[in-house]
């Protein structure tokens, strides 16, 4: 048995039924019970329908249909995009699809920002979570490239990505800026070409030119479709690697601070650690139940701002703190390069030999951005975010090539997608509410239960994400703010930030990548006592031995690029990290069963996102067992504009609806595969019809129960009506008696 088939995974209007389903607005008319042929993510299956009637789903809005959106975007439980046909090779195809798919939402991407308070808070928090890590990378790049890449170059690169992508990208939720991995890559290249004959900026200019060309080729020939092979395995290993590298950079900063003296070194260590502790503590406090919802959101949004201002100001307290010679951020002149040069790099002056020597390095940059940017985009559109607007990867990667070329000409770091800032941006745009979780206890069920059991089943409350403000405006405004940061007064303020604070920023960003990483959570699970592990914990479905084996492979996959990054071979670390994708698609599939992988490793994003890249890869479909899907209409009630879907104890996607809804519950049953096709088909037929017989009886019993309930309701209604009529008659009799009494009293007074 498997419990991992969610309602949103099977698309009603994308299944090849032998009997057509009729759609009317958001209502599906199901045929009579029977067996139907269909597909699940391209995999042939049998669908056994055990009930008929109208089933309501959260389908495309009317205005979307008027714009010509395909009906295949409607799914059970959520408005989504199904897998598109990627079998035929055609240049520019997916770039054009991305633009056409997102263009109808372009103006709403701006208008939606004015209808939510989250937009203003996001601008401020996004500005600082983009600025502070960029400044930390800047200090490292400034030292290791001898000033070629400084504060103004990094700010211009971050502003470039933060303005171009909100304006023109198909998915503006992905935050684009200067990443720490490019810092590592640029440092390695500088060490390799460090000689009087090679100019660093000219060489990096040609690296950017070759990288831009390869970016365009990847986008034009639809090669971004291979990102559909990226699962939590690759994403979590990459995130773990990034987190460790950032923490390592923070430690390097603290060690470097001892160059100004013992006192300065120890003070920098203290500032870095308390900065990290305070920023992390504010986030934890904001997400806890100890503060009101709005105050908690403010603490999370401004945790980095508060920590930077407070601990930077502490170093200016008169006395020993102010007298300690701390190293601070070096800044140049407003809107001018960090060294004496013009903004346009004379890249054409580089000799031909070094021009072609830059070619393989440009391809490696493309490989790095292919993984880094697309993983950032997938994380920004993760399953935990109830997104409604369509994504786009191919056009965005083409756009990334354009920003890379511009950066190469101006001698600035190339911007690309940021982890963990991209998912933090989406999380900041989430609208949360405190909702009530109703107990499953039915009326009258409390009798005979202990007081403790009744308390345990009492309604509970929790914070939930009810929607996401999918807008371009906050990212665009923070990009403009980054450009304004290049002015003299703000640069002067930035020059007051000590090294210890920047080291703390590295620790904070690195820990954010590690804290909720799947590897870290799996290690927690392995260390926990099995008897005290909650039953709803997903990993309980797999033995700890298999979990340990899977986590061990992940750790090896993270430690190898970490080790390579410590050597001159660090220039090849993007290739090593990118190799995780085919390893997951081939080797891991042979080591673990599909049932185990459905628990241990899932797609980073939902079918809503992966669908634009062709859906689940065919090679994975072949390794799956055939599914038999049973569809049964059941009724669930509204819980504060959120409906919990349950399919064999598995929670599914949310539906924002204002009424009672019906949804289709699907149970997947795995049919064992056999080597011989005939035996396999026969087994499927026997299993199908035997189960159909059982389910048909259940359907009949359910129908009888429903009819009895309707008859009982009708009888209650009749009794109620009879009671009402009897009350009316009694009221009439009372009124007549009162009138008669009044008449008698009048006659008595006349007689007197």
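Along the chain as shown, the residues are counted starting at 1.
Note that Cβ sites are derived from N, Cα and C of the backbone, with glycine treated the same way.
The domain 'Bicarbonate transporter-like transmembrane' annotation in TrEMBL covers 91-258 (among others).
The transmembrane segment annotation in TrEMBL covers 120-139 (among others).
The transmembrane segment annotation in TrEMBL covers 159-182 (among others).
Residues or ranges marked as transmembrane segment by TrEMBL: 203-224 (among others). Sequence-distant neighbours of the transmembrane segment (203-224) (same chain, 6+ residues past either end, Cβ-Cβ under 8 Å): 86, 89-95, 186, 189, 193, 345, 347, 350, 354-355, 358-359, 361-363, 365-366, 369-370, 374, 393-395, 397-398, 400-402, 404-405, 407-409, 411, 414, 613.
Among the features that TrEMBL reports, transmembrane segment is placed at 263-283 (among others).
Per TrEMBL, the feature domain 'Bicarbonate transporter-like transmembrane' maps to 267-603 (among others).
What TrEMBL lists as transmembrane segment is 295-317 (among others).
The annotation transmembrane segment is assigned in TrEMBL to 352-371 (among others).
TrEMBL lists 392-414 (among others) with the feature transmembrane segment. Beyond the ends of the transmembrane segment (392-414), by six or more residues, the same chain brings 94-95, 97-99, 101-102, 137, 141, 148-149, 153-154, 156-157, 160-161, 164-165, 168-171, 174, 176, 178, 182-183, 186, 201, 204-209, 211-216, 218-220, 222, 224-225, 227, 337, 341, 343-345, 347, 365, 369-370, 373-374, 377, 612-613 to within a C-beta distance below 8 angstroms of the stretch.
Annotation source TrEMBL lists transmembrane segment at 475-494 (among others).
Taken from TrEMBL, the feature transmembrane segment covers 501-527 (among others). Beyond the transmembrane segment (501-527), the same-chain residues lying 6 or more positions past its ends with a Cβ under 8 Å from any Cβ of the stretch are 132-133, 135-136, 139, 180, 232, 236-237, 239-240, 242-247, 249-251, 253-254, 257, 268, 271-276, 279-280, 304, 307-308, 311-312, 329, 419-420, 424, 533, 537, 539, 544, 547-548, 550-551, 554-555, 558.
Annotated transmembrane segment per TrEMBL: 547-580 (among others), in sequence order.
For the transmembrane segment (547-580), same-chain residues at least 6 beyond its ends with a Cβ under 8 Å from one of its own Cβ atoms are 181, 184-185, 187-189, 191-192, 233-234, 236-238, 240-241, 244-245, 361, 364-365, 367-368, 370-372, 518-519, 522-523, 525-526, 539, 588, 591-592, 596, 600-601. Put simply, of 295-317, 352-371, 475-494, the stretch with the most CB pairs closer than 8 A to the transmembrane segment (120-139) is 295-317.
Using a Cβ-Cβ cut-off under 8 Å and counting only residues 6 or more beyond its ends in the same chain, the transmembrane segment (475-494) has close neighbours at 123, 126-127, 130-131, 135, 151-152, 155-156, 158-159, 161-163, 165-167, 172-173, 175, 329, 331-335, 425.
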